[in-house]
């Protein structure tokens, strides 16, 4: 049991540093200046980071055939090369890199994230077979804190110069995931007897409380000064280490339980309550087959109407939110807001709560009183419409912060819901490949929506557009697409709700 919890804590640590792509707005302006590129070309670099996900299915195949620790090392090494060479270029340790070189390096670093994600999902699904949606929801919520963690470190180690901060972000993107992967490597393994474990409600409740406190701390330290640049980082490190109390308590409990082992064996395992528990767990395990009890492979999945509805719901929801966050630096600059790092930190903190929200609702409310995953995604896309339209009608900096917070929450929630939705729609057996096929719409959406935004930006005022007009038409289009995504989500709900009753 203690080892089971340690694997989940390792997953949390891995996820907390695996959102390195969310740091792009913090150094994108410096890359734009150094490479002397247009806004459209800069947007294509944001697309390149997402384009790495097109090959994410390779990590799914690797996780099925290679040791998980090796998959971790491969992923972290790809990130080391992708971000590390860009850092050397920005720090003038390399003579020159062409735009094409930087594009390919960004693709490589974007793909590295898929490898670490796949290991995290596999550990949660395999080691917590009866509570996998809790394990996945809790661990993936920490991805939302990545930008906040990176920003806290940069605030401590770097000067206020935008160039120096950009270098620091790229250096951390290259090195920090590798270090955490090395630390987590011994715990990256499947536990063969995980199915025989007892109920984990107490541990999950404790972890929920720790996670919630971590999120509140992230939000408070994003909006207010704690008197020292070191305190937010120290507080975050302490909170990331605090889940270790759970396996420690389990270990103590296991030692005490051994004293009663003979008595328990004498009582036997033949009571009706024991049998009903086994039947309940078997029934619960069956929930994670595809709808109708099927385990659906990739080839069959892409021929189903439900998949394409799901695909476009995600495209007009989470993917659109990610495109907004990728363009956050330029949107803020065009509106005269120079505190880009602060905005990125806010987006990160609220994305964390968004990813945690579905997990909390699952934990505290019975499934029979809940809603389908499709309806939940629709409910999360709807507020994004309001966030985009708010930026159209309001010029205030407060509106920018509010909209960023809403998009962060909703994008995080949809991302978290989609992991459970993939297993419920198409089964858990082929999850690694199936989910990577779904998220391949991220680079597609990044290219389509991002390039559209860049073209409209250029039309609004050249390469350095200033004012609300730069993104006004773009925001109207994005808001309208969110309306369409909401409608598609409820169509998907109507086609699948029978399986939730």
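Using N, Cα and C of the backbone, Cβ positions are placed for all residues, glycine too.
Here is what TrEMBL says about this protein:
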| type | residues | note |
| --- | --- | --- |
| DOMAIN | 4-248 | domain 'Nodulin-like' |
| DOMAIN | 294-500 | domain 'NFD4 C-terminal' |
| SIGNAL | 1-22 | signal peptide |
| TRANSMEM | 66-90 | transmembrane segment |
| TRANSMEM | 102-124 | transmembrane segment |
| TRANSMEM | 168-188 | transmembrane segment |
| TRANSMEM | 200-224 | transmembrane segment |
| TRANSMEM | 230-249 | transmembrane segment |
| TRANSMEM | 307-325 | transmembrane segment |
| TRANSMEM | 345-365 | transmembrane segment |
| TRANSMEM | 374-393 | transmembrane segment |
| TRANSMEM | 399-421 | transmembrane segment |
| TRANSMEM | 433-455 | transmembrane segment |
| TRANSMEM | 475-492 | transmembrane segment |
Cβ-Cβ under 8 Å with the transmembrane segment (475-492): same-chain residues at least 6 beyond its ends: 306, 309-310, 312-313, 315-317, 320, 323-324, 374-375, 377-378, 381-382, 384-386, 388-389, 391-392, 449, 452
Among 66-90, 200-224, 307-325, 345-365, stretch most in contact with the transmembrane segment (374-393) (C-beta, under 8 angstroms): 307-325
Cβ contacts under 8 Å made by the transmembrane segment (200-224) with residues that lie 6+ beyond its boundaries: 5, 8, 128, 131, 134, 138, 141-142, 145, 148, 152, 231-232, 235-236, 239-240, 242-243, 245-246, 250, 342, 345-346, 348-350, 352-353, 356, 359-360, 363
Tertiary contacts of the transmembrane segment (66-90), as residues 6+ beyond its ends and Cβ separation under 8 Å: 14, 20, 27, 30-31, 34, 59, 96-97, 102, 105-116, 118-119, 122-123, 163, 166-167, 170-171, 173-175, 177-178, 181-182, 184-186, 188-190
Confidence summary (mean pLDDT) of the domain 'Nodulin-like' (4-248): 86
